[in-house]
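As written in TrEMBL, here are the features:
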type: SIGNAL; residues: 1-37; note: signal peptide
type: DOMAIN; residues: 53-296; note: domain 'GH16'
type: ACT_SITE; residues: GLU182; note: active site, nucleophile
type: ACT_SITE; residues: GLU186; note: active site, proton donor
Amino acid sequence: MAVMGAFHFNEGIPISNSLLLLLLLLLLPAYVSPPLSLPIKPPPFRHSFHKLPHSQNYPLSNPSPAPPLLLLFLLHSGSGTMEHSSLSLLFHLLTLATYVSARPATFLQDFRITWADSHIKQLQGGTAIQLTLDQSSGCGFASKSQYLFGRVSMKIKLIPGDSAGTVTAFYLNSNTDRIRDELDFEFLGNRTGHPYTVQTNVYTRGKGDREQRVNLWFDPAADFHTYSILWNHYHAVFFVDEVPIRVFKNNEARGIPFPKSQPMGVYSTLWEADDWATRGGLEKIDWSKAPFYAYYEDFDIEGCAKPGPESCASNPNNWWEAPAYRQLSAIQARKYRWVRVNHMIYDYCTDKSRYPVTPPECTAGI
Ligand SMILES: *[C@@H]1O[C@H](CO)[C@@H](O)[C@H](O)[C@H]1NC(C)=O
């Protein structure tokens with residue numbers, strides 16, 4: 001509020017339309033410019049979620065500074081005496097631009113801690129975080145808004161060494177119980193020298209049980225890698241760096257539900273799940289190696305935020321709906337095949353003991 005005061009309009013301070021227009025022109029591109037390349041995102045996996053404590057609201061220790069657009073908007077709303085002219089239109093454009101949110105600079109700009117404040121530490125001025133798992137607790141965070149279509153991506157450096165029994169999850173979830181939509185990345189730890197497994201799952205209108213597993217072809221604890229989910233009217237695609245590891249196509253025309261009407265929040269958690277995570281629960285967590293640390297940075301959510309204008313999600317001009325994002329490119333398709341042939345270790349589509357009749361989405365192509 002002290003910050004706001006410095007900028008607050010009152011009748012005595014004339015701020016010309018042209019100055020505001022200039023500000024607008026300077027600020028707008030940062031909020032609407034399309035990404036240069038297709039980025040990446042991650043989610044989690046199922047059993048676990050039921051065991052997680054639910055979104056307790058922790059007070060945020062370092063409120064992030066308000067972005068300039070927000071300042072302008074607040075200025076505007078505070079200025080009851082201003083004429084409703086072109087200025088008003090400009091401000092509507094400004095606020096509209098903020099709904100298609102752009103790359104957040106800091107963790108707290110878009111996220112809040114939902115589980116164990118004490119186990120999430122902000123680093124590098126809040127542009128990165130450290131998650132801790134020890135015998136007392138795991139931890140978790142969630143986006144402040146929900147989104148309908150867009151792309152979520154983060155860079156993650158997973159727990160190094162002996163991470164067996166730990167699970168790091170990154171997912172989108174509509175939080176609507178029986179008709180839940182969800183897109184999950186879950187990183188299952190392993191004994192030193194054995195590969196991390198990425199499990200993905202897709203829930204549409206409450207129906208999940210669509211697990212796939214891929215063993216990572218690199219050490220995800222040695223460096224940061226980008227994990228992302230692209231979600232538009234055509235498909236939901238899970239990426240590990242530039243490699244698509246899963247595609248869930250919109251096959252509504254064939255009667256297969258596709259997530260398209262419920263906004264989803266972005267979530268992440270780090271917890272212990274040694275009853276199932278590593279080699280089906282055979283490998284237990286080694287607490288003598290605790291605390292376990294995972295690191296996140298480059299938080300990036302671009303999508304139609306809810307609450308926000310209804311028209312955003314159906315706007316064909318959103319970059320993530322563009323033709324280039326409606327199907328895999330030839331290069332992406334080649335990478336996708338490479339992963340499936342060389343690194344996929346489980347696919348519910350081919351699990352005859354679970355699904356004697358192949359689920360319809362498995363035969364409807366990518
Ligand atoms: C762990 O390593 C084993 C042996 O290399 C492998 O079979 C398994 O897929 C890996 N991942 C998990 C989560 O168990």
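A Cβ is built for glycine as well, from the same backbone N, Cα and C atoms used for every other residue.
Just so you know, the Cβ of GLU186 (active site, proton donor) picks up 27 other Cβ atoms within 10 Å once every protein chain is counted.
Within 10 Å of the C-beta of the residue listed as 'active site, nucleophile' we count 25 further C-beta atoms, all protein chains included. For the domain 'GH16' (53-296), the predicted model reports an average pLDDT of 85.
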